[in-house]
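Record features (TrEMBL):
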- Y102, G167, E184, K185, S202: alpha-D-glucose 1-phosphate binding site (BINDING)
- 12-281: domain 'Nucleotidyl transferase' (DOMAIN)
Amino acid sequence: MYNRRGHKKVLAIVLAGGEGKRLMPLTADRAKPAVPFGGNYRLIDFALSNVVNSGFLKVVVLTQYKSHSLDRHVSRTWRMSQMLGNYVTNVPAQQRIGKEWYRGSADAIYQSMNLIRDEDPDIVVVVGADHVYRMDFSQMVAQHVDTGAACTVAAIRQPRSMADQFGVIDVEPSNPAKIREFLEKPTDPEGLPDSPEEILASMGNYVFTKDALVAALESDNARDDTKHDMGGDIVPAFVDAGDAYVYDFRDNVVPGETERDHGYWRDVGTMDSYYDAHMELVSLNPVFNLYNMEWPIFTQMESLPPAKFVTGMASRAAKVTNSTVCPGVVVSGAEVSTSVLSPRVKLNSYSTVEGSVLFDDVVVHRNATVHKAVLDKGVDVPEGAMVGVDKEHDRARGYYVTDSGITVVGKGVQIVH
Ligand code: ADQ
């Protein structure tokens, strides 16, 4: 498969082995990229949709941590026609080299080197699987080819207060800019000259010239003083060699986007940011437009009956405002506002759901209330029960409550009064 621009053969590698500790309990038994998002998506669907929409149809997904539901999702959803030699293959950690599982993200790629050798691409695009955004990677590849760099790092401005979550980039004043320094998750870096409270952050998406990547992974593997991490070790090595450029995400133009959603990128790595991204989605005029069909976000479409809204027996009419509702949902005499209802959610008479994200198969029984909460798959809220209304009571019942007061209940929990 040749890239539309530059006529280079491209292999895409999606790093999907992250644990997502800060998304507990949602990551108790699924990898972070498998965490549901927006009702019927999984986080990894955004990265994979971007890769495929960019025209890169040879895709390897590297998984590791609790990868069962992720592997199932990828193989079911992302089955591709083999006719043109295209594929999305998930590769679980195989302990192929030695006894260890992947040590870090660079080691994950190193241990899958046979896939790179078999495919023999000119260019390797490496992307994370944890973010919500649209991006045309072919534009980044085009810049990579133009500069002749060995490594190109996608970058976006972020608040300086969040620097310790990102690779922070200092650039030379050229255009495209060469990277002068790359610090992985520094505590108190300087802000940008034109905006002291912002830093230039790595998005965790990289383009490499294949031979340079292979050489860097081999030399990293031979060393003991590295964490075998893409952001922590491999990218800094390219920067030290004076061979890394930045790709400014502001330059990326995606078909169908508007001025408003241009440049949208959300790291949903904490429960609060995950919740906020959902509330943005159901807001009156969301920044991120799921309905942009010129750059569709693909997912698995299960055969389900349409969502249904009814007046329950001796009840009131169902009322749903500013919410997204997936197939298979039944809202019977319940009131729902600013919420996301995933497939097969059932809401019964006189129940109220407000400011909440309900995963697949959640059932809310009569007169129950769910407020500012994220309920994982299959949570059952019995008649008259309340979740998220009294945060102290939530904590006392063992439910997780975030600093900003969002209650999170793990998979399959039967709520108690
Ligand atoms: P983090 O996201 O903190 O920072 P990491 O935990 O390595 O870095 O995750 C990066 C990606 O690799 C994720 O998609 C994760 O799922 C995956 N991953 C992690 N370990 C893996 C393994 N052993 N096998 C396979 N996949 C693995 C990174 C960069 C920063 C950058 C931020 C942007 O290191 O420089 O700023 O992403 O969010």
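Counting begins at 1 with the first residue displayed.
Quick reminder: no glycine exception, Cβ is built from N, Cα and C everywhere.
Around the Cβ of S202 (alpha-D-glucose 1-phosphate binding site), the number of neighbouring Cβ atoms within 10 Å comes to 24. DSSP assigns S202 (alpha-D-glucose 1-phosphate binding site) to a strand segment in the three-state reduction.
When secondary structure is read from DSSP and collapsed to three states, E184 (alpha-D-glucose 1-phosphate binding site) falls in the strand class.
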